[in-house]
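J.: Pasting the relevant annotations from Swiss-Prot:
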BINDING   21, 78, 117, 441  (6S)-5-formyl-5,6,7,8-tetrahydrofolate binding site
BINDING   221-226, 240-246, 265-268  GTP binding site
BINDING   221, 240, 242, 245  K(+) binding site
BINDING   225, 246  Mg(2+) binding site
DOMAIN    211-363  domain 'TrmE-type G'
């Protein structure tokens with residue numbers, strides 16, 4: 001049985017309107033007491049005054065929702081007050097004094113899940129929508145809110161359940177029904193491969209959600225920090241004519257064509273005896289290993305140098321874009337690289353061409369990532385365990401093991417899928433998911 005909770009659902013601060021929710025068995029009684037409304041129609045907006053202990057609190061709009069037709073599945077009230085901090089707090093205080101308690105983080109959405117209004121995947125999608133920092137992330141999360149991933153998981157469940165039912169029929173009628181092990185092997189092999197592809201696409205999906213890591217590398221004074229500042233549209237890095245100014249890794253975030261990128265500016269790579277600069281260079285080399293795409297910045301006024309050759313050896317085999325910078329100052333180079341881009345980080349010349357090149361370089365990540373609807377690490381880890389159980393079932397079938405061993409593998413895979421969508425769950429799991437939400441959601 002749920003108790004009655006309340007919280008401000010809109011962001012803290014001053015605005016035109018604030019939203020306060022009350023959920024639970026006492027919610028309607030509390031609202032009627034504060035408004036003086038007795039007979040109400042559900043899901044209709046009323047404009048009235050809130051009164052408490054003889055004082056007018058605010059003129060508000062209020063909506064009554066009747067269980068189960070609400071966000072939570074319980075009796076629910078939404079009050080729209082004027083958006084001042086004080087007036088909002090006064091209204092909330094009156095609600096709490098009238099019999100509600102303050103809601104915990106994500107408790108409204110958690111109640112919706114527990115009442116079957118949404119799946120666990122949809123609950124996670126709501127959080128991802130709120131936290132989305134790029135158009136691509138938002139679109140993926142909205143697809144999950146519509147139930148896209150849930151449909152895919154139900155398909156996996158259905159295939160496994162079909163095989164299990166075939167196996168269990170042979171347990172009940174061993175002399176009458178012969179199991180078609182070849183057909184089951186083909187089906188499970190196909191399903192295992194589908195889950196494997198989903199996992200690979202999902203890792204790219206999470207990469208898109210978290211931001212594709214783009215590392216800027218180059219020799220000292222090639223204009224890396226100027227390029228970082230130009231891409232970020234702010235002076236994040238110190239820019240001077242003195243080589244080796246950047247000693248540490250500097251990070252920022254941008255969006256290009258709806259794709260989120262985490263940009264990493266690194267210390268200039270060269271041979272040096274300076275102890276501090278050496279540490280910065282070591283960190284630069286580590287960032288190169290983490291990069292999804294590398295901007296290899298070269299100086300058009302000096303051409304391709306020994307230092308550039310040293311850096312090229314470090315990044316060869318990686319997903320890099322050769323970027324000739326300072327093209328407004330010099331043209332001291334011949335075409336050396338395929339796909340090289342000419343820019344001036346100082347005045348922005350060629351920047352659009354560079355952005356287009358960056359997007360094309362990560363095209364595979366974008367296409368695979370947006371094809372997947374898995375957007376959390378929890379979901380990926382569960383699918384990896386599902387894959388392991390399916391792989392075990394296929395191997396056991398191939399080696400001619402008893403069919404009841406295959407049944408155990410499939411039941412374990414099924415349990416994992418149930419955990420993914422929330423058919424089965426633990427209190428710790430729910431606390432871990434919903435504690436990330438804000439109070440009021």
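First residue shown is number 1, and so on along the chain.
Positions of Cβ are set from backbone N, Cα and C atoms, glycine also.
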J.: Under 8 Å Cβ to Cβ from residue 117 ((6S)-5-formyl-5,6,7,8-tetrahydrofolate binding site), same chain, six or more residues apart: give me those in sequence order, or none if nothing qualifies.
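T.: Same-chain residues close to residue 117 ((6S)-5-formyl-5,6,7,8-tetrahydrofolate binding site) (Cβ under 8 Å, separated by 6 or more) are 68, 71, 72, 73.
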J.: Measure between the Cα atoms of every pair in 21, 78, 117, 441, the residues the record assigns to (6S)-5-formyl-5,6,7,8-tetrahydrofolate, and report the largest value in Å, rounded to a whole number.
T.: 18
J.: Rounded to an integer, what is the Cα-Cα distance in Å between residue 221 (GTP binding site) and residue 21 ((6S)-5-formyl-5,6,7,8-tetrahydrofolate binding site)?
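T.: Residue 21 ((6S)-5-formyl-5,6,7,8-tetrahydrofolate binding site) has its Cα 56 Å from the Cα of residue 221 (GTP binding site).
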J.: By the count of other Cβ atoms within 10 Å, pick out the sparsest of the binding-site residues 221, 225.
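T.: Least crowded of the binding-site residues 221, 225, by Cβ count within 10 Å, is 221.
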J.: Round to a whole number and give the Cα-to-Cα distance in Å for the pair residue 21 ((6S)-5-formyl-5,6,7,8-tetrahydrofolate binding site) and residue 225 (Mg(2+) binding site).
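T.: A Cα-Cα distance of 47 Å.
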J.: Of 21, 224, 441, the binding-site residues given in the record, which has the fewest other CB atoms within 10 A of its CB?
T.: 441
J.: Can you tell me how many other Cβ atoms are located within 10 Å of the Cβ belonging to residue 78 ((6S)-5-formyl-5,6,7,8-tetrahydrofolate binding site)?
T.: 20
J.: Quick check: which same-chain residues outside 21, 78, 117, 441 lie with their CB within 8 A of the centre of the (6S)-5-formyl-5,6,7,8-tetrahydrofolate site CB atoms?
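T.: Close Cβ neighbours, site residues excluded: 9, 23, 70, 71, 72, 76, 108, 109, 112, 440.
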J.: Residue 225 (Mg(2+) binding site) to residue 441 ((6S)-5-formyl-5,6,7,8-tetrahydrofolate binding site): how many Å between their Cα atoms?
T.: 40
J.: Where does residue 225 (Mg(2+) binding site) sit by DSSP, helix, strand or coil?
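T.: SS state of residue 225 (Mg(2+) binding site) = helix.
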J.: If one measures from the C-alpha of residue 441 ((6S)-5-formyl-5,6,7,8-tetrahydrofolate binding site) to the C-alpha of residue 224 (GTP binding site), what distance in angstrom results, rounded to a whole number?
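T.: Roughly 42 Å, rounded to the nearest whole number.
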